[in-house]
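Asks: Before anything else, here's the structure in question.
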Amino acid sequence: MEGVRNSVAPSDCLVFDVNGETFEVPEIEPSTTLLEFLRTRTRFKSVKLGCGEGGCGACLVLLSKYNPVLKQIESYTVSSCLTLLCSVNGCSVTTSEGLGNSKDGFHPIHQRFAGFHASQCGFCTPGMCMSLFSALANAEKSHCSQASPGYSKLTVSEAEKAITGNLCRCTGYRPIADACKSFAADVDLEDLGINAFWRKGDTKEVNVSKLPAYNPQDHTHPYTEVLKDEYKSTRILNVKKYSWYSPVTIEELRNLLHSGLVENGAKFKLVVGNTGDGYYKETEKYDKFIDLRYIPELLVVKKDNSGIEFGAALPISKVIIYLKEEGKSNLSSGAELVFTRIAEHMEKIASGFIRNSASLGGNLVMAQRKNFPSDIATLLLAVGASVSILTGDKQEKITFEEFLYRPPIDPKDVLLGVLIPSLEPTRIHGSVQSNSRLLFETYRAAPRPLGNALPYLNAAFLADICGDKSGILVSRVQLAFGAYGTKHATRARKVEEYLAGKMLSVRVLDEAVKLVKDAIVSENGTSHPAYRKSLAVSFLFSFLIELCGGSSKDLNDSLLEQAAKSNKDTNTSPIRNPSLLSSAKQVVEYSKDYHPVGEPIPKVGAAIQASGEAVYVDDIPSPPNCLHGALICSTKPLVRVKGISFDSKPKPTGVAAVISAKDIPKGGENIGGTFIFGPEPLFAGDIARFAGDVIAFVVADTQKHANFAAKTAHMDYDTEGLDPPILTVDEAVKNSSFFDVPPHSSPKEVGDFSKGMAEADHKILSAEINLGSQYYFYMETQTALAVPDEDNCMVVYISIQCPEFAHIAIARCLGIPEHNVRIITRRLGGGFGGKILKAMTVATACALAAHKLRRPVRSYLDRKTDMIIAGGRHPMRITYSVGFKSDGKITALHLDILINAGISEDVSPIMPHGIITALKKYNWGALSFDIKLCKTNHSSKSAMRAPGDVQGSFIAEAILERVASVLSMEVDSVGRSSGYMQNIANVEQFNSSSIWHKRGVSRVPIVYQVSLSQIPAKVSILWDGSIVVEVGGIEMGQGLWTKVKQATAYALSLIQCDETEDLVEKVRVVQSDTLSLVQGGMTVGALI
């Protein structure tokens, strides 16, 4: 940890605060991120590396800095995984530990997250807490009226939106949102879900009194002591030894770009927020970094009659604020509309903590130079914006469209500013006509409506219209579309030309739609091209209907009138006021028979998870002389690997060794994992069987250097004498490449299929369903730490669901007795089945390297490598034939299922049983099937959240929906009992009265087989009466330790040890240790 100082640091030293501690860093690699520094050189570990792209929020911190212009402190969240350390000079950083902790007392945010059961694995929880804290702190600065005691100025909607950029993979967002909403001024506590604070029937006053106390004066102030010294907080880091330069004028920037510092082939990078690294993974090393955040011209906001000009280095979040303010104050209705709509759309770009760092100019330069699918580019194209650019010694102003379609700008060219014009309806004889209107609307369709996801298509439409008794005249229109599979956003010129001067009618609208279909053409390889085209059509249709305004006197066609009325009544704008969580009620009946089992007490460790004190494998401090490893994987399937070299420039630094199969000790085996169906090799050997097969394990002095070495490793491949790889299930069938299914895993057929088909009135023959794979996306990637111990022993800390099997695999790989291996697992940052065999690969590689080098070795996989080796859910192709009666009763079903199992069995032999068990929730009459496990040259597919059950349930529902479609019946009437008929009646009533908007309702029953396992446990009662419990199961967020505490308290209460409530507090559940409690089994399925 860097030294804490009391005196003023030298002017050439990087200085900042973290949770009130001041750090001065005399030397640092300029590409070092804030996350890397916090995790490796401080004691603060609440910031987690989840995605490394700024897309998950696990690494969030609150950054506070002094604004010398406004003379005030600004605080906002940033992704520490993207924020360069040098950019926080003179700033104060607050992490979740800084809000509160177990020693000094938890913050109300931590307490409420725990009490509302808003934390499972807990890996993402500190980031969630920081998002909420930032929202609370900034709300107190607003001009809203003071809230009631115990509440903040946040509204329920704002509280929900506070965490929209944070990903959670196990808890579910409702309890998290409930914890956030409990702070809102307008919350109705009765609407919140199950919690540990109050019980059903308690009065509102009781509910409020039981919530952890919140006082804005005490609980919304980040650490800002360092910022009170204006000199220290405004110092500019401009140090040659860092290779970090901070010009303060355009002239200084120009001189720097054309000086010897960046000549002679030196690579330099212009930076503001560095968020582009989240999208474009750069492996090249830069010689110089030039920080643009201190040039006033790049931070300016100028307003005049022509419009509003923004400096290119302004964060997107500030641009949004300025646009909203300008929209409210602008007297021109057209400009007000444009500014407001652009601001509303920009709030859907990325997430709040990315917009706080990402610059307006950076987004546009990525769109121009690298074809980034920018929403902002589409918006600016539609309104006819212009830009100013620094090119060599001159500044030029050009239209944004000209800028966008220029050849990629030179790295030494700098975007200086963007002008958004003040627009108004067309003037006739110098004045705006009373019946003229300017309309502007934006649209966006993305996997997640509230940002943090790239769009399938975005659009922005500007129209100048004139309405009279004869109808709606389109004077001019500008239609921009983007992100649909082209290099840049485009204007639909032919559609614009056609609509200009036309009166709106069905014929005009129909022709415009046809022209849009021709205009929106995606490049080859674009996903979902038909869907993107349909989005463009629907967006244009919606806009043209909106032009009509819903008033019959302005329309010349009854169909358009109905469409406009429907559009107005349903209020379904694609951008404004997107719905957040739907309302719900949770009712759980508790039995007192086994008290305290089943009581909704806070999950064990939830508060320390929220504060960031909970220790995961990568949080364990590195032992002395520790090395870091990264997997080198094959990039091709079924190839001979002739060698590995590191030919990149610059060459990897800090590499200590490259471990491969030849390094396995005498007596050891090439085993990377083992399971009930057999072992899997650690290394590929001479032949890599699939893309992702581990060829070697490179070990270096830091994880960053190891990752760089692995990414830049060059493999020399050869395919001579090898058969072509088997990549599809069809190729597997052709080559008879299958795995056997053990008899005990083979499901039983039901009835006589031929007889059932003979009884059918209707038949569907050889229909096909294709199911793809799915990645786990546990927030914590595969990780392990191996530490050599005395007497040829090895201690390995692993994030794994089955330590017992890792224990066996490591002992066999190293060729040592199992009693020389000790596996320790405290908790997982998410598992979902993905931390069974694949976790063993990383752990065994670390153990082998530590054994050979006689030094501790650890590894934390980057997200891309984790995705490559993970395997994921089983893809499959299903061909089915089904017979059914006219009344919907199904008489027979036959399934031919080809499962792509990958290169090895893993857990694949259990898949047929899971699929058929899920299918048997319905009565199919007769059920027959032929299921084949196809061996292909892909990574082996593994268990993933109800393996087989998910696919079986999907297959069943797809078949029922197809049958219902053939019979024109409600799917709920096919093969199952009728129910929820009132809901169906309500939907039918709505649909009969709505032409353009439709509703639907469905229900999906689930049958899941719960299996019971005999897992060992050990209960120890200490001298002071406190109790320690060890169990074979692994705590991975499901609350296992909580249930163990309750069950222990119940069991001990039966022998009258003490009061039950006191017993729960006396019990402590400790981590899994394979030498302390042997044969712990697996934590999978229903082991909760």
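Including glycine, each Cβ sits where the backbone N, Cα and C put it.
TrEMBL labels come from automatic prediction, so no person has curated them.
So TrEMBL lists the following for this protein:
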- 12-99: domain '2Fe-2S ferredoxin-type' (DOMAIN)
- C51, C56, C59, C81: [2Fe-2S] cluster 1 binding site (BINDING)
- C121, C124, C168, C170: [2Fe-2S] cluster 2 binding site (BINDING)
- 237-425: domain 'FAD-binding PCMH-type' (DOMAIN)
- S359, L360, G361, G362, N363, D375, L415, R444: FAD binding site (BINDING)
- Q801, F832, R945: Mo-molybdopterin binding site (BINDING)
Asks: Could you tell me which of these binding-site residues, C51, L415, has the fewest other Cβ atoms within 10 Å of its Cβ?
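Replies: Among the binding-site residues C51, L415, the sparsest Cβ neighbourhood within 10 Å belongs to C51.
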Asks: Which residues in the same chain, at least 6 apart in sequence, have a Cβ under 8 Å from the Cβ of Q801 (Mo-molybdopterin binding site)?
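Replies: Those within reach of Q801 (Mo-molybdopterin binding site), by Cβ under 8 Å and sequence separation of 6 or more, are L828, G831, G833, K835, I836, A839, I1034, M1036, M1082, T1083, V1084.
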Asks: Applying the rule Cβ within 8 Å of the centroid of the Cβ atoms of C121, C124, C168, C170, what extra residues of the same chain belong around the [2Fe-2S] cluster 2 site?
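Replies: Not counting the recorded site residues, we get S119, Q120, G122, F123, T125, L167, R169, T171, M779, G829, G830, G1037.
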Asks: Can you give me the Cα-Cα distance between R945 (Mo-molybdopterin binding site) and C170 ([2Fe-2S] cluster 2 binding site) in Å, rounded to a whole number?
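Replies: About 11 Å separates the two Cα atoms.
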Asks: Quiz question: given the binding-site residues S359, N363, which has the greatest number of C-beta atoms lying within 10 angstroms of its own C-beta?
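Replies: It comes out as S359.
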Asks: Please work out the number of neighbouring Cβ atoms within 10 Å of the Cβ of G361 (FAD binding site), leaving out its own Cβ.
Replies: 24
Asks: Starting from the Cα of C59 ([2Fe-2S] cluster 1 binding site), work out which of the binding-site residues (C124, C168, G361, N363, L415, F832) are within 10 Å.
Replies: C124
Asks: What is the interatomic distance between the Cα atoms of N363 (FAD binding site) and C51 ([2Fe-2S] cluster 1 binding site), given in whole Å?
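Replies: Given the Cα positions, N363 (FAD binding site) is 20 Å from C51 ([2Fe-2S] cluster 1 binding site).
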Asks: DSSP on the domain '2Fe-2S ferredoxin-type' (12-99): how many residues come out helix, how many strand, how many coil?
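Replies: Residue counts for the domain '2Fe-2S ferredoxin-type' (12-99) by secondary structure: 16 helix, 31 strand, 41 coil.
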Asks: Looking at the binding-site residues C121, S359, L360, G362, D375, F832, which ones sit with their CA no more than 10 Å from the CA of C56 ([2Fe-2S] cluster 1 binding site)?
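Replies: For C56 ([2Fe-2S] cluster 1 binding site), the binding-site residues whose Cα atoms are within 10 Å come to none.
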Asks: Taking the Cβ of C81 ([2Fe-2S] cluster 1 binding site) as reference, which residues of that chain separated by at least 6 in sequence fall under 8 Å from it?
Replies: T33, L35, L49, G50, C51, G52, E53, G54, C59, G278
Asks: Looking at the binding-site residues L360, G362, D375, L415, F832, which has the shortest Cα distance to C170 ([2Fe-2S] cluster 2 binding site)?
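Replies: With Cα distances computed to C170 ([2Fe-2S] cluster 2 binding site), the winner among L360, G362, D375, L415, F832 is F832.
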